[in-house]
Amino acid sequence: MTNSTQTRAKPARISFLDKYIPLWIILAMAFGLFLGRSVSGLSGFLGAMEVGGISLPIALGLLVMMYPPLAKVRYDKTKQIATDKHLMGVSLILNWVVGPALMFALAWLFLPDQPELRTGLIIVGLARCIAMVLVWSDMSCGDREATAVLVAINSVFQVAMFGALGWFYLQVLPSWLGLPTTTAQFSFWSIVTSVLVFLGIPLLAGVFSRIIGEKIKGREWYEQKFLPAISPFALIGLLYTIVLLFSLQGDQIVSQPWAVVRLAIPLVIYFVGMFFISLIASKLSGMNYAKSASVSFTAAGNNFELAIAVSIGTFGATSAQAMAGTIGPLIEIPVLVGLVYAMLWLGPKLFPNDPTLPSSARSTSQIINS
């Protein structure tokens with residue numbers, strides 16, 4: 001057996017849950033809308049379950065969703081990834097230069113007459129992904145260690161740069177271009193809290209799970225027994241989160257369909273555009289399939305939890321800015337799932353004979369057609 005064969009990603013045989021992921025997501029979206037429209041008081045009940053501006057039911061779903069991917073990371077390999085200056089440089093430019101600039105351009109192009117929605121959309125573009133990217137990377141057989149490192153770096157930059165970038169894109173750049181400006185004060189602690197809760201807790205759980213599991217039972221047991229047992233919880237947590245998000249926003253989606261459409265168009269262009277810009281940049285810079293998948297999904301996704309929290313804290317829960325933040329994940333989730341399948345399909349074409357391509361057990365044809 002060649003080394004390239006040995007290093008290929010070899011996920012377990014596709015489970016019943018994984019085989020029909022698009023169907024489960026569509027059903028979860030529909031069920032969430034149904035709950036939001038049919039169960040009176042549900043939105044208020046869920047909205048009341050908050051601590052420090054964080055929705056506990058949604059936080060629970062995100063933590064359950066993120067734990068399995070972080071438990072799969074081989075943390076003894078992350079030091080080597082962190083020293084890859086080429087990978088770090090490409091990711092930082094895509095996340096903190098290209099991403100916010102593209103969202104700024106799309107927001108002004110599609111919402112020139114809607115300053116509140118436009119501001120909310122720009123805030124979404126500033127909130128770089130630190131959560132769901134772990135799921136998208138895992139589904140596309142990306143480099144888990146690289147994704148974990150990129151997410152950690154995004155978290156640090158989130159705390160350090162969010163306020164400054166908000167000031168630049170809402171006040172400085174519009175002023176330079178002769179456009180109307182927006183004044184907004186972002187809470188530093190809301191940003192720190194979002195990072196600590198939505199990344200810190202599952203990251204610590206993943207690290208300690210691997211350390212304790214390998215120490216007591218060994219790596220073979222941990223990776224062949226324990227990880228397959230907890231893997232379904234990532235999808236379960238994702239579906240649970242989708243149901244909650246759509247149930248909370250059911251009224252807005254139905255009562256303001258035109259606003260949703262106007263937000264959806266630039267969001268779809270943004271997610272798809274960032275993904276393919278990042279994929280092309282990764283390919284041209286010589287990265288393999290797995291690292292290209294990690295970089296592409298890290299750059300394409302956004303931290304909707306932070307965008308929602310900042311918009312609500314700054315402009316109010318019923319503001320148009322907050323609506324833009326809450327519509328974000330409703331568009332992002334189905335689009336990013338579609339891009340996972342696009343990555344699996346394009347992988348063999350863009351990266352022929354790449355040793356990090358998913359193995360034949362996880363070939364695109366099996367995933368899509370089985």
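Placed from the backbone N, Cα and C atoms, the Cβ positions cover glycine too.
Database features, via Swiss-Prot:
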TOPO_DOM  1-15  topological domain 'Cytoplasmic'
TRANSMEM  16-36  transmembrane segment
TOPO_DOM  37-44  topological domain 'Extracellular'
TRANSMEM  45-65  transmembrane segment
TOPO_DOM  66-91  topological domain 'Cytoplasmic'
TRANSMEM  92-112  transmembrane segment
TOPO_DOM  113-118  topological domain 'Extracellular'
TRANSMEM  119-139  transmembrane segment
TOPO_DOM  140-147  topological domain 'Cytoplasmic'
TRANSMEM  148-168  transmembrane segment
TOPO_DOM  169-187  topological domain 'Extracellular'
TRANSMEM  188-208  transmembrane segment
TOPO_DOM  209-225  topological domain 'Cytoplasmic'
TRANSMEM  226-246  transmembrane segment
TOPO_DOM  247-259  topological domain 'Extracellular'
TRANSMEM  260-280  transmembrane segment
TOPO_DOM  281-303  topological domain 'Cytoplasmic'
TRANSMEM  304-324  transmembrane segment
TRANSMEM  327-347  transmembrane segment
TOPO_DOM  348-370  topological domain 'Cytoplasmic'
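Mapped onto DSSP classes, the topological domain 'Cytoplasmic' (66-91) shows 22 helix, 0 strand, 4 coil.
The stretch from 92-112, 119-139, 148-168, 188-208 with the most CB pairs below 8 A to the transmembrane segment (260-280) is 92-112. Mean pLDDT for the topological domain 'Extracellular' (37-44) in this predicted model: 78.
With DSSP classes pooled into helix, strand and coil, the tally for the topological domain 'Cytoplasmic' (281-303) is 16 helix, 1 strand, 6 coil.
If you look at the transmembrane segment (327-347) against the transmembrane segment (188-208), you find fewer than three C-beta pairs under 8 angstroms, all six or more positions apart, and that falls short of contact. Through the fold, the transmembrane segment (188-208) approaches residues 52-54, 59, 62-63, 66-67, 69-73, 75, 130-131, 148, 151-152, 155, 158-159, 162-163, 303, 305-306, 309-310, 313 of its own chain, all at least 6 residues removed from its boundaries and within a Cβ separation under 8 Å. The list of residues near the topological domain 'Extracellular' (113-118) in space but at least 6 beyond its ends in sequence, with Cβ under 8 angstroms from a Cβ of it, reads 107, 180, 182, 259, 262-263, 315, 319-321, 323-324.
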